[in-house]
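TrEMBL has this to say about the protein:
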- 31-74: DNA-binding region (DNA_BIND)
- 297-307: compositional bias 'Basic and acidic residues' (COMPBIAS)
- 313-336: compositional bias 'Polar residues' (COMPBIAS)
- 29-73: domain 'Homeobox' (DOMAIN)
- 76-277: domain 'TLC' (DOMAIN)
- 286-343: region 'Disordered' (REGION)
- 81-99: transmembrane segment (TRANSMEM)
- 125-144: transmembrane segment (TRANSMEM)
- 209-228: transmembrane segment (TRANSMEM)
- 248-273: transmembrane segment (TRANSMEM)
Amino acid sequence: FVRAIALPLSRKLGVRDKKRPKAQPNPILETFYGTRRKNPEEGELISLAKQCDLPVRKVERWFQRRRNTDRPSLSKKFCEACWRFAFYIISFFTGLAVLHDKPWLWDHRECWTGYPQQPLQPSLFWYYLLELSFYWSLVFTLPFDVKRKDFKEQIVHHAAAIFLLSFSYCANYIRIGTLVMVIHDVSDCFLEPTKIFNYMKWKKTCDSLFMIFSAVFLSSRLVVFPYTVLYNTYYYSMEIFQPFFGYYFMNALLIILQLLHVFWSCLIVHMVYKFILQGTMKKDMRSDTEESDQDEEREKMREKEKNGVMCFSNVSSNNCTQRNRSEPLNNRTHLTNGHVKER
């Protein structure tokens, strides 16, 4: 999908990668970068500068460029958002097609009717297989995907989702599992196109989709999920069964998911607050921004300002000397009408 559809689409839509200056080969700095840390402290920068016989500022810039080299390009982010958007659309409408005629979608007490003797229909099996394979693929590609600031939370989320799907399948909590998957997919269908339009620099469309995504995410994860799933597994199940191991384990996994929902909701609310104040969505708080570009631009601006001040001072001094040399001692100027004006 990335090679055949996403990459050609990114070129047609004008998504271009910025030219990043590469760090010069330096074995000492490369060894420190690979074995110690990617962002050295001030004392370490001074020590490395002495070892390499370089100014501290050049060593700091080398690490900035080296970190930017490891950061994903804009086209890679665009391609990842494209294929995830394609999956979420397929998954969400697959869930609707599978569940639209199921009684537990409308009456949540039906999740426990006849439990545990609930037959597994082929459509539910393939729906489970689709979702479970997706989350396993996310685990396998974590080292290669775009890394966000919430990388650890992503690992916890994927692990909880896989355990939840696997345990619900083995314990025949199929009906609860299908509700969880549909609720999660509905907001993701708006998240990925928001990223796509952000990478395309379509600010107004991106901002509109972001507000829609925020409303859908907050309502589905903080209202629908607790009422439809948590209340269902915690309260409705106790009308038929007494607590057992599956009851505690299932609810523990669901609570972990809900805590992650609260964490991401705080980030989204903070972004919405900034959006209301500033009028536009600046960037994803989970994303890392490039460092060297901003620093180099600041340095260029400072150099331009210094050069401008020097040029201005030189020009003004030259003009002053020329005027002083050309002006007569009596400091008078003859006008065209023959009058004399005192300066």
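Cβ atoms here come from the backbone N, Cα and C positions, even for glycine.
Long-range Cβ contacts of the transmembrane segment (248-273) within its own chain (Cβ-Cβ under 8 Å, at least 6 residues beyond either end) map to 150, 153, 156-157, 160-161, 163-164, 167-168, 171, 173, 176, 180, 210-211, 214, 217-218, 221-222, 225-226, 229-230, 233-234, 281, 284-286. Taken together, the residues of the DNA-binding region (31-74) have an average pLDDT of 82.
With DSSP states grouped into helix (H, G, I), strand (E, B) and coil, the DNA-binding region (31-74) comes out at 32 helix, 0 strand, 12 coil.
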